[in-house]
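Engineer: What follows is a single structure, and I will ask about it in a moment.
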Protein chains: 4
Amino acid sequence: MFMRTIGIMANAGKDAALHVAKAADEYLRARGVAVLLQHHVAEEIGDAGRGLSDSEVTDADAVLVMGGDGTILATSRECASKGTPMLPIHLGRFGFLTEVSPEDLNPALDALLSGNFTVDERMMLRCESLRGADEEDQASAFALNDVVIANGPLSRVLHLRMSVNGKYVTTYAADGIIIATPTGSTAYSLSAGGPLVHPSMQTILVTPICPHTLTARALLVPEDAEITIVVERDPQDMVRVTVDGQVGFPLLAGDEIKVRRSPYPARLLTVGGADFYDKLQSKLRWGERMVY
Amino acid sequence: MFMRTIGIMANAGKDAALHVAKAADEYLRARGVAVLLQHHVAEEIGDAGRGLSDSEVTDADAVLVMGGDGTILATSRECASKGTPMLPIHLGRFGFLTEVSPEDLNPALDALLSGNFTVDERMMLRCESLRGADEEDQASAFALNDVVIANGPLSRVLHLRMSVNGKYVTTYAADGIIIATPTGSTAYSLSAGGPLVHPSMQTILVTPICPHTLTARALLVPEDAEITIVVERDPQDMVRVTVDGQVGFPLLAGDEIKVRRSPYPARLLTVGGADFYDKLQSKLRWGERMVY
Amino acid sequence: MFMRTIGIMANAGKDAALHVAKAADEYLRARGVAVLLQHHVAEEIGDAGRGLSDSEVTDADAVLVMGGDGTILATSRECASKGTPMLPIHLGRFGFLTEVSPEDLNPALDALLSGNFTVDERMMLRCESLRGADEEDQASAFALNDVVIANGPLSRVLHLRMSVNGKYVTTYAADGIIIATPTGSTAYSLSAGGPLVHPSMQTILVTPICPHTLTARALLVPEDAEITIVVERDPQDMVRVTVDGQVGFPLLAGDEIKVRRSPYPARLLTVGGADFYDKLQSKLRWGERMVY
Amino acid sequence: MFMRTIGIMANAGKDAALHVAKAADEYLRARGVAVLLQHHVAEEIGDAGRGLSDSEVTDADAVLVMGGDGTILATSRECASKGTPMLPIHLGRFGFLTEVSPEDLNPALDALLSGNFTVDERMMLRCESLRGADEEDQASAFALNDVVIANGPLSRVLHLRMSVNGKYVTTYAADGIIIATPTGSTAYSLSAGGPLVHPSMQTILVTPICPHTLTARALLVPEDAEITIVVERDPQDMVRVTVDGQVGFPLLAGDEIKVRRSPYPARLLTVGGADFYDKLQSKLRWGERMVY
C-alpha cells in the first residue's frame, strides 16, 4: 500500500485536534503527499478552499483520525464500505482504539510513508431494523463496537426475544441487550459483565443489561451467526437501538432487529504502538498487582 | 391490635382483584367489621355510595391490598406515615411481597380477625431532591424497594458523586445507581448484581448499574447513613430519579439527591405463609439442585 | 464415513451403562457390524474373550460412549490423536456433551449405520508442564473442557504470571485459573463467572477463580495463542494442574504450564438431537421466563 | 478507659515489627506505663526476663499489634473473650484492618495515653463443628473475617446443605462457601463476588465459591441467625473448615458446621486515621475515576 493521498478527519469540537491536523497537513505536504481535508478542518486551518466532503476525504489511501475513541467509531462507519485504513491520533485520554499520541505524530507519519505499518482488520457489525408485514429494511447501520437495544429512563423491563440463525434461543427480561464485536468487548459490554475478547477474533458477543433472570450470562456466537431480536411486549417506555453509542432510532413493539457481521471490516493502521495486552495493562490496570 | 375497620385497596386494572375485593367485603361485613372501600372498588362492586378516598381507606386498622407487588409498593407509600398494616392478597404471579393467594382468603381473614398474625416491619427509604443555591426541598418520596437514578435511552454514562454522612466516597461512572432497602434487594438491585438481604434487616444497599469502572461493587451502609448523590456533568441525556419503579422526576446537572431511612417502616401482616427463605426457593429456585 | 467396526466404551461403575452396552452390541452385530468391547465391558456382558484394550477399541470407525459427561471427557483423550468419532449415549442426568438417551439407542444406531449423522469437531487443548533449567517436557495432557491450576484447601492466594505468545499480560492473584475450550465454557469456567461460548468456535478462555483484584475478568484469546502460566511465589499450599477435572499433577513454584490448541479436535457424532441452544434452554433454563 | 498497662504483640517473622516494638516499649515506659511483652518480643529486644505468655499480654488495658492484617486476625482470637482493645500498627502494605503506620507511632501512643481514641466494635463469628450421633461440640473457633468451608485441589464440587435457624434454605453445589462478618466483606468474600459491607454493621454474609448453579448470589442474614452447613455427599476430596485463612480442620461427610455471631466483638482502637470509606478509596481505588 503506497500512500499518495492521505485524508484528515478531526473532532470539530476540539482545538487540539485542529492544531494537530494543521501540523500533519504541513508535514505531509512537505513530503509530496496530497492531503484531503474535511470542510471544517480546511476552514479552521485557514485554507477553506481545500475543504471536501467526508465521502471525498475517505477516498484517500488512508485517513488520519484525530480525536478520541468516539471520533474513530464515527469515522469507521464512513470508511467501512471503502476499506480505507485509519490511523488514530489520540487527543485527550488514551483509549482502546487510539494509537498514536500527538507528540509521536511525525515518526508515525514517517512510518506510514515508508510502509512501516501493519493493518489490523477489526470485525464490524451490520444492524438492520425491520417493521411490519413487509419486513422491508427500514434502517441499517454499521457498528465497530456495539448495537444496543435498551429502554428509557422509566426503567421498565424489556422482553427481548432472541433467535440465532432463525432458531429461538431465549427471551431476555432485561433493561436491554448489547450485541458487540470483539473490539466492543472493552466498551459497554464490559460494564454489563461481558468478557474481554481479543480484537483480532471473529465472534459476536450478546450481553444482557441487568437481566431480571439470574440465569443470563454473556453468550458468544460464531461469526456467521445472524442474531434476531424482537421487542415482545408493548412497552410504555421508549425503546431505542443505538449504534456505537452515537446514532440510533426508536423501536416499536414487534420491531425486529437483525444483526450480523458486516462484510466490511474496519482497518486500523498500527505503527509499533501498544498492543491489546499492553492496553489491558494501562487501561484496566492488569499489569499491577492491586491485591487487597 | 383489634380489627374494627379494614380497608380494601385493589388494582383498578384487574378484574380478579375486584372479584376478590367483593368477596372479602362480604365476608368481613358478615363478621361485623366495618369495610372501607376505595372509590373505584365501591363503584365496580355496585356500591358506589360507600366509596372513599385512598387517604380515608388507609385510616383503617388494616388494609387488604389486592394486586401484584406493584400494587403493594404503591399502597405502602400511602400507608407509611400512618403505620397502617397491609395484608397483601396476590393476584397473578406470586411475588416477593405478596402473601395470601385468593383461594386462602377466608382463612386469612379469620386469622386476621382472631389476632393470629404477626406484623413484619420493613424499612423504607426517604428520598429528597434539592436544586440550586437555596437547596430547598423540591421533591420527596418514600420507597419500599428502591430509589433509582438513571440515564435515558441514549446510554451516555453518568458521573454520580456519592457522599455518605457528608463524607465523599466515590464518583460512579455508570448507567445509574440503585439505592435499595433490604426488601428491594430482590428487585432491581438483584439484576444489577447486588446481594440478597433478609428483609428484616436495617441497612441501605448502593448498587451501581453497569459501572464503567471494574472496581465498583454493591455497598451496604448502616441504617443511619445519609447518602447524597450529585449528578456531576452536564448530561446531554435525560436523567431521572424513579421511586419503586413507579414515580419519578427529571434531574438537572448539579441536582442533589439525599436518601436516608424513612422514619416510617412499611408494616406487612403475615398469617402463616411463606417466609423469605421459602420465597428464595420458589422464586429464585434456591431449593432445587439445578446443577449443570 | 462407513461404519464397519464400532467400539463400545462404558462407565465401569454404572450397571445401566453395561445394560445398554449389551443391547447395542447385539443390535449392531445383528446388522453385520464388528463390535469392539473394552475388557471390562466384555467381561460383564459374559463374553470375556472378546475384551480389548482401550487403545484397540478406539481404533474402530466410531465409538459409542456410555456414561455421563465425565466418561466422554475421559474417552476424548483416548480418541483425540486417532480422530475417532464418538457417539455419546447418556446415562443418568442429561449433560452438555451427552447426546442420545438409552431409549433412543436403536434409531440412533440406525442413523449411524445409514450415514445420517454429522460430525461436530470440538477444539481441544494441549497442556504441558515444564520444570527446571532444561525445561524439558515433563508431563502433558489433552483437555476437551479445561486445564485448571488451583491451590489446595488451605486457601492461600496464588500468584500466577500469565504470558500470551511470550508476551507478559498480567499476574493473577487468585485461587486459581481456568483455561477452557468453548466446550468447557459450560463447565467449571461458567461457575467462575465466564461467558457461554458456542462449541463450534475456536478460541481459548482464561477465567480466574476468585481473583483477589477486582479488575480481573474472563479473557478470550485467539485459537493460535500459546498461554504460559508460571506459579510465582513459593506456595506453602499444594498447587495442582487438573485436566478436565479428572487427571492432574502437583506443581512447584517456578513450574511453567503451557497451554495451546491441540492439533487433534474431539469429533462428536450427532444424529439429530438437541443443539447447543436447545441445551442452554434445558440445562440452564434459558427458554423459561423465570422473571422474579 | 485509662491505660495503665499496654501489651505488645508482634509478628515474629518480621524484623521491622520487633524494631517498632522496641521503640514503643521505650516510649511507653518513659511515660510510666507498664508494658507487657510476648516471650519472643522480650527475647529479641534483649530483655528476655520480661517475657510473658500471650494470655498474660492480652490481660493489659490495650494491646499494640504489630504486623499485617494476618497478625491482627490472629490476635483478635486471643483478645476476643477478654474484650481487650487492639491498636494495629501496620508493617508492610496497608491493609483494611491496619491503622497506624510506624512513622506515626509516637503521636498514636500519645493519643492512646491521653484518651484521644475511639473504640470500634467489630462483630466476630463463632464456628462449631459437630460430628456423629451425640453432636457434641468437637471443635470451635472465633473468626474476625470469615469461616470458609472448601474442597481440596482436585476440584470436586461440594454439596453443602444450608439451614438458617433450623430452617432449610438451599443446597449449594459449589467449590465451597464463605461465611463472613462485615469486616470480612473486604477479604475473601469480595473475591467470590460478595458485596462490601460497612464494618460497623451487624450481619452475616453467606457467599458461595464458584457455585455450579447460576442462581446463587451472596446472601445477608440478620445478626441473630444461626447458620448450619452439612457436607452432604461423601466427598472423595478433602474438605476443610478454615477460620480467618489461618486455622482449620478437616471435615467428613455428614459433619455439621454451625456459625453464629460471637458474644465477643473485636475491639479496635482508632486514633484519627482513615475510616472505611477512605480505605475503599486507597485500597480499592474507589476515589479514582478509572474510566475505560
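Backbone N, Cα and C atoms are what each Cβ position is placed from, and that goes for glycine too.
Note: TrEMBL annotation is automatic and uncurated.
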Engineer: TrEMBL records A:ASP69, A:GLY70, A:ASN145, A:ASP146, A:ARG156, A:ASP175, A:THR186, A:ALA187, A:TYR188, A:SER189, A:LEU190, A:SER191 as NAD(+)-binding residues. Which of A:GLN38, A:GLN246 is assigned to the same site?
Structural biologist: A:GLN246
Engineer: Between A:TYR188 (NAD(+) binding site) and A:ASP69 (active site, proton acceptor), what is the CA-CA distance rounded to a whole number of Å?
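Structural biologist: On Cα coordinates alone, these residues lie 13 Å apart.
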Engineer: List which of the recorded positions A:ASP69, A:ARG156, A:TYR188, A:LEU190 have a Cβ under 8 Å from any Cβ of chain C, in sequence order, or say none.
Structural biologist: A:LEU190
Engineer: Reported as an integer number of Å, what is the Cα distance between A:ARG156 (NAD(+) binding site) and A:ASP69 (active site, proton acceptor)?
Structural biologist: 31
Engineer: What count of other C-beta atoms do you get within 10 angstroms of the C-beta of A:GLN246 (NAD(+) binding site), across all chains shown?
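Structural biologist: Excluding its own Cβ, A:GLN246 (NAD(+) binding site) sees 15 Cβ atoms within 10 Å.
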Engineer: State, in Å as a whole number, the widest CA to CA span among the NAD(+)-binding residues A:ASP69, A:GLY70, A:ASN145, A:ASP146, A:ARG156, A:ASP175, A:THR186, A:ALA187, A:TYR188, A:SER189, A:LEU190, A:SER191, A:GLN246 given in the record.
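Structural biologist: Greatest Cα-Cα span of the listed binding residues: 31 Å.
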Engineer: Quick one: of A:ASP69, A:ASN145, A:TYR188, A:GLN246, which recorded positions have a CB closer than 8 A to some CB in chain D?
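Structural biologist: In terms of proximity to chain D, the recorded positions that count are none, since no Cβ is under 8 Å.
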Engineer: Looking at the recorded positions A:ASP69, A:ASN145, A:THR186, A:TYR188, A:GLN246, which ones have a CB within reach of chain B, meaning under 8 Å Cβ to CB?
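Structural biologist: It is A:TYR188, listed by sequence.
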Engineer: Please identify which of A:ASN145, A:THR186 has the densest Cβ environment, defined as other Cβ atoms within 10 Å, among these binding-site residues.
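Structural biologist: For the binding-site residues A:ASN145, A:THR186, the Cβ with the most other Cβ atoms within 10 Å is A:ASN145.
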Engineer: Any idea what the Cα distance is from A:ASP69 (active site, proton acceptor) over to A:ASN145 (NAD(+) binding site), rounded to a whole Å?
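Structural biologist: Here the two Cα atoms are 10 Å apart.
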Engineer: What is the Cβ neighbour count of A:LEU190 (NAD(+) binding site) at a 10 Å cut-off, with all protein chains included?
Structural biologist: 25
